[in-house]
Amino acid sequence: MSFLSRQQPPPTRRVGAAYSLRQKLIFSPGSDCEEEEEEEEEGSGHSTGEDSAFQEPDSPLPSARSPAEAEAERRRRSPGAEPSSPGELEDDLLLQGGGGGAQAAGGGAEGDSWEEEGFGSSSPVKSPSTAYFLSSPFSPVRCGGPGDASPQGCGAPRAMDDPCSPQPDYPSTPPHKTFRKLRLFDTPHTPKSLLSKARVIDSGSVKLRGSSLFMDTEKSGKREFDTRQTPQVNINPFTPDPVLLHSSGRCRGRKRAYFNDSSEDMEASDYEFEDETRPAKRITITESNMKSRYTTEFHELEKIGSGEFGSVFKCVKRLDGCIYAIKRSKKPLAGSVDEQNALREVYAHAVLGQHPHVVRYFSAWAEDDHMLIQNEYCNGGSLADAISENYRVMSYLTEVELKDLLLQVGRGLRYIHSMSLVHMDIKPSNIFISRTSIPNAVSEEGDEDDWISNKVMFKIGDLGHVTRISSPQVEEGDSRFLANEVLQENYSHLPKADIFALALTVVCAAGAEPLPRNGEQWHEIRQGRLPRIPQVLSQEVTELLRVMIHPDPERRPSAMELVKHSVLLSASRKSAEQLRIELNAEKFKNSLLQKELKKAQMAAKVAAEERALFTDRMATRSTTQSNRTSRLIGKKMNRSVSLTIY
């Protein structure tokens, strides 16, 4: 081949002509150098690609070919053999990808010429895919060393040693587009999983310094924003299913409709997924950076009470003008033991909601390491204040008022126990009095509460010791009202401990001496012996109180049984069901009386009719007799005779 034919850029041909080109190839013996000499003699330095391709013989290096390549060559040389499809031609190209057209991809200026495999000479036919050839060292045809790049496969000597060899030194990389056209892999490219992309990002890929700098800045800013936006919440242990509610938050996975190959989007999505699966953090009572809510929203009127937890203030809310009771802790709670009790009270208030015999809860917040709880204001104070005032003036609650107290607090305990909670600190200072003239509505259970005095309403408050019945975390309350089984850490009958404390609360309201905190009298009470009551109570009430402090908690009535006890449901305090039963009985009696009345009326009517008939008969008989007498008289009488006397 002439030097001019190598330097002149060959004309562009379509790759689709390779199939027809392959069928017209004519092989002639001779070396490459002889062919070039003939071309020089003819003066055909501008020969076309077809002439050079038709007249060039095979490369004289067929000895080191593999059996698969030899079989492919034999099929091409057999007479009448034609490739079945263009895909078969590309398969042959892949088998001999170490040389020929496969090697034409790696060169410099002459790398655009496509060598027809099996001939060893360069063809000026331009391949459209040569612009996309890759120079990657990885190839389906692997060679043993850097010198094994010959078209005959691995282990063959390099053809470039021959000065007349037309093969340049190209790496063994197949055409990129041609390899894709083989469709060896039918499935589409599978996107990387989230974990694999995260590993790729963590391993550190090669990136531009400027782009990575801005990317890190953006991602760090995004993470700081997400951290600020992620709320920290407490988990209420008194909700029906706190574990399920918490786990459902973990399952809020954000589904994407497509996968983005961008590393920024991928890392951002991974971080969002981690934020959603992050467990909720517990908020501690710390100083707030905002303005004091207590002084901003409320106007303090007076201090109405104090206790172990803190002080209670009577306040007016500036917005609505209503009066509330604000409970503020005495000392800072952050990190102290009382913090758990404060949070437990907030949890219990939030779960219990609104009930006529439970102090209503509105809100709670932390301010300057103090807990503040906004509750309903009870204008009658606590029962302990009323007992102290009665003890000072030597006045006690009457038996009717004691029954009223038992029934109302019992209904409050029934509601708390129905929520699978126990109060564990029932005592006079935790029962509040609300005096109102508004008639009470029908309770949730359907019981009519109109019989209750419309002047006094007893409510249960201070829920700092509330715990669950199923998984108790008991914090012992006042020892004066503590049941013995709780002291012995027997938590199998916790609702009955509230009944025990309620009985002693009623005893204190009845005028008994202050209860002992320990000692022999304390044990006597736990053995079922009532303290001395200065007033005389009925036998039924005394027996009910004695049963409520029975040493065996199973013998004590439950809150449900207590509110339906016959002692508390007197003639004026009967339930709607009992009133309905009595009404039905009275209706039955009335129906019987009506039947008797009808019978009496019928009998009287019959008697009157008989009497009238008898009277008529007597009148008819007397008339007949009178007529007969006149006729007789007429017969007996002589005819009148007129006399004329002169």
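FYI, residue positions are counted from 1 along the chain as it appears here.
Glycine residues also receive a Cβ, built from the backbone N, Cα and C atoms like all the rest.
The secondary structure of SER311 (phosphoserine), as reduced to three states from DSSP, is extended strand. Residues annotated as ATP binding site in Swiss-Prot: ILE304, GLY305, SER306, GLY307, GLU308, PHE309, GLY310, SER311, VAL312, LYS327.
What Swiss-Prot records for 32-42 is compositional bias 'Acidic residues'.
Per Swiss-Prot, the feature domain 'Protein kinase' maps to 298-568; the stated evidence is sequence analysis. Taken as a whole, the domain 'Protein kinase' (298-568) shows an average pLDDT of 88 in this prediction.
Marked as phosphoserine by Swiss-Prot on the basis of similarity to another entry: SER52 (among others).
Swiss-Prot lists SER78 (among others) with the feature phosphoserine, giving similarity to another entry as the kind of evidence.
Marked as phosphoserine by Swiss-Prot on the basis of similarity to another entry: SER123 (among others).
Under the heading phosphoserine, Swiss-Prot lists SER127 (among others).
The phosphoserine feature in Swiss-Prot is assigned to SER139 (among others).
According to Swiss-Prot, the feature phosphoserine maps to SER150 (among others), an assignment based on similarity to another entry.
Under the heading phosphoserine, Swiss-Prot lists SER165 (among others), citing a large-scale study or a structure entry as support.
Swiss-Prot lists THR187 (among others) with the feature phosphothreonine, giving similarity to another entry as the kind of evidence.
The phosphothreonine annotation in Swiss-Prot covers THR190 (among others), and the record cites similarity to another entry as its basis.
Positions annotated as phosphoserine by Swiss-Prot, on the basis of similarity to another entry: SER269 (among others).
In the three-state DSSP scheme, SER306 (ATP binding site) is classed as strand. Taken from Swiss-Prot, the feature phosphoserine applies to SER306 (among others), supported by similarity to another entry.
Annotation comment: Swiss-Prot describes SER311 (among others) as phosphoserine, evidence class similarity to another entry.
According to Swiss-Prot, the region 'Disordered' annotation covers 1-178.
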Cβ-based isolation winner (fewest other Cβ atoms within 10 Å) among the binding-site residues ILE304, VAL312: ILE304
CB contacts for SER311 (phosphoserine) [other CB atoms within 10 A, all chains]: 14
Between ILE304 (ATP binding site) and SER311 (phosphoserine), the C-alpha gap once rounded to whole angstrom: 8
Largest inter-residue Cα distance among ILE304, GLY305, SER306, GLY307, GLU308, PHE309, GLY310, SER311, VAL312, LYS327 [record-listed ATP binders, Å]: 14
